[in-house]
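> Sharing the record's features from Swiss-Prot:
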- 1-17: signal peptide (SIGNAL)
- 18-529: topological domain 'Extracellular' (TOPO_DOM)
- ASN27: N-linked glycosylation site (CARBOHYD)
- ASN28: N-linked glycosylation site (CARBOHYD)
- ASN40: N-linked glycosylation site (CARBOHYD)
- CYS59-CYS292: disulfide bond (DISULFID)
- CYS72-CYS84: disulfide bond (DISULFID)
- ASN104: N-linked glycosylation site (CARBOHYD)
- CYS107-CYS153: disulfide bond (DISULFID)
- CYS296-CYS320: disulfide bond (DISULFID)
- ASN304: N-linked glycosylation site (CARBOHYD)
- CYS488-CYS492: disulfide bond (DISULFID)
- ASN498: N-linked glycosylation site (CARBOHYD)
- 551-566: topological domain 'Cytoplasmic' (TOPO_DOM)
Amino acid sequence: MKAILLVLLCAFAATNADTLCIGYHANNSTDTVDTVLEKNVTVTHSVNLLEDRHNGKLCKLGGIAPLHLGKCNIAGWLLGNPECELLLTVSSWSYIVETSNSDNGTCYPGDFINYEELREQLSSVSSFERFEIFPKTSSWPNHETNRGVTAACPYAGANSFYRNLIWLVKKESSYPKLSKSYVNNKGKEVLVLWGIHHPPTSTDQQSLYQNADAYVFVGSSKYNRKFKPEIAARPKVRGQAGRMNYYWTLIEPGDTITFEATGNLVVPRYAFAMNRGSGSGIIISDAPVHDCNTKCQTPKGAINTSLPFQNIHPVTIGECPKYVKSTKLRMATGLRNIPSIQSRGLFGAIAGFIEGGWTGMIDGWYGYHHQNGQGSGYAADQKSTQNAIDGITNKVNSVIEKMNMQFTAVGKEFNNLEKRIENLNKKVDDGFLDVWTYNAELLVLLENERTLDFHDSNVKNLYEKVRSQLRNNAKEIGNGCFEFYHKCDDTCMESVKNGTYDYPKYSEESKLNREEIDGVKLESTRVYQILAIYSTVASSLVLLVSLGAISFWMCSNGSLQCRICI
């Protein structure tokens, strides 16, 4: 009876002891992140670094509308294709849009020389001044300026020609040598375009230019070239057996360009004084134009985001996130989200010694749960929580700032004869994308690992802070909790939390209670030992008596014969 009472007293004392536990926050978040060692780790808080949404619209960029070429392309717009006449008055834009069916380009068949390079030059131009470089009415008095029209470039049902060029032909029966120069006094680069006509027969050559052995020379300080017409029969394209090649050059401020010819020259009428600006570009898109504004435009739609990465489209214009191939880039800011299992108690393992988080603690990441004679409750440790928030916020901002390199990434243009270069370029671009994607994913994996380890370390530090104060005034239960050897009211609990716990004040009471509990345990252990001895002896006696009774019964009924020899 004494042993039973001692055991009950010990259990009752343990049940009513004041306790203080260290724990961490948990919530109903389903956010998951990946680390170097784990995938799909559920965390309490995280931030997304990857933008995957767009509005499906072509918007103004920085308040400036794009130039939508409609059914025209760059060549048709700059040459002045009659089908592109509505574009002639446009002088500024944020970016240029071609569509998948922008077919109105060079109406008279021929090659546009270095067309891809011209597109590249225009990708950095945000406006230009279209001006008459050689006035039609006064520049060519000895040549015909109105007969140079063709059925290949119709307008309103009649033969016509490019609005920015003049097709000079002989006047009456003469095509005298022409020489005309322009000095660039615009203070900026001037884009000049011209053409060279190649008739199909010598008869056409004489009919148009009179001179059988004609030539064209175009020269500036950086451009010098002499052209000879290539007279040859060719298959008809758009009803034309002849061909017309188109050329361009940029004239620097103060430089002079000179045209000299005895035939076959398509002279410039209008030129373009260009204003270069960052953020412009050319995209191919069938998305509709809307009255909206954005800082980043892709062919699929506008992106309004401050995130450092996007997986929408590799071609971007404006202040845009870096394109990566990733489908998920989420950075942990909070802790592992492991709500405690109620059937196993309130506490339990982060950092190896706490099994689950507390959904009841909502005002911090780390904190305490106490239980004493005055009740129980949660309290966050504001200092460690705030330090952690500041540190992680600074880290996230630093990562975003370093990776958030806003820039324009326009597509590159190659002609049909440059497929090898185009394929090589695609491989190089894909290689860069793979490297960027790998770097972004590795960065997030490493930072997530560090963040979760950082939280574990903070919980451990909080635990050690309490343990170093309590010393032997309390015992460690082993699940993140301490059981006091003395009464600890709310004031006492608060002193432990804020680091002002008075160890000497409670040490005497703790010593007495500790010795009493240890004595009870020792006495109960001795009683258990005595009971074990008594039980063993009693069991042995019962076994011997049973064996004797069985032997006597078997001897009496003859089943067992006993002989005693003297």
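Along the chain as shown, residues are numbered 1 onward.
Glycine too: its Cβ is placed from the backbone N, Cα and C atoms.
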> Looking only at ASN40, ASN104, which of these glycosylation sites has the biggest number of Cβ atoms within 10 Å around its Cβ?
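Result of the Cβ crowding comparison: ASN104.
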> Quick one: of the recorded positions ASN28, CYS59, CYS72, CYS107, CYS296, which has its CA closest to the CA of CYS492 (disulfide bond)?
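So, of the listed recorded positions, the one sitting closest to CYS492 (disulfide bond) is ASN28.
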> Hey, which of the disulfide-bonded residues CYS292, CYS492 is the loneliest by Cβ count within 10 Å?
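Sparsest of the disulfide-bonded residues CYS292, CYS492 by Cβ contacts within 10 Å: CYS292.
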> Out of the recorded positions listed (ASN27, CYS84, ASN104, CYS292, CYS296), which are within 10 Å of ASN498 (N-linked glycosylation site), Cα to Cα?
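Neighbours among recorded positions: none.
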> Can you tell me how many other Cβ atoms are located within 10 Å of the Cβ belonging to CYS296 (disulfide bond)?
25
> Taking only C-alpha atoms and a 10 A limit, tell me which of CYS59, CYS72, CYS107, ASN304, CYS488 are near CYS296 (disulfide bond). These are the recorded positions.
CYS59, ASN304
> Express the predicted model's confidence over the topological domain 'Cytoplasmic' (551-566) as a mean pLDDT, rounded to an integer.
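Within the topological domain 'Cytoplasmic' (551-566), the model's average pLDDT equals 58.
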> Considering the glycosylation sites ASN27, ASN28, ASN304, ASN498, which residue's Cβ sits among the greatest number of other Cβ atoms within 10 Å?
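Within the set of glycosylation sites, the most crowded position is ASN27.
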> Taking each of ASN28, ASN104, CYS488 in turn, which of these recorded positions have a Cα lying within 10 angstroms of the Cα of CYS72 (disulfide bond)?
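For CYS72 (disulfide bond), the recorded positions whose Cα atoms are within 10 Å come to ASN104.
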> If you measure C-alpha to C-alpha, which of ASN28, CYS59, CYS107, CYS292, CYS320, CYS488 (recorded positions) come within 10 angstroms of ASN304 (N-linked glycosylation site)?
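Qualifying among ASN28, CYS59, CYS107, CYS292, CYS320, CYS488: CYS320.
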> To the nearest Å, how far is the Cα of CYS84 (disulfide bond) from the Cα of ASN28 (N-linked glycosylation site)?
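For CYS84 (disulfide bond) versus ASN28 (N-linked glycosylation site), the Cα atoms are 59 Å apart.
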> Please tell me which one of the disulfide-bonded residues listed here (CYS59, CYS153, CYS292, CYS488) sits closest to ASN28 (N-linked glycosylation site), measuring Cα to Cα?
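Checked the disulfide-bonded residues CYS59, CYS153, CYS292, CYS488; minimum Cα distance to ASN28 (N-linked glycosylation site) goes to CYS488.
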> Highest Cβ count within 10 Å among the disulfide-bonded residues CYS84, CYS488: which residue is it?
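The largest 10 Å Cβ neighbour count belongs to CYS488.
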> What three-state secondary structure does DSSP assign to CYS153 (disulfide bond)?
strand
> Which of these recorded positions is closest to CYS320 (disulfide bond) if you go by CA atoms: CYS59, ASN104, CYS107, CYS292, CYS488?
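Result for CYS320 (disulfide bond): the nearest of the recorded positions is CYS59.
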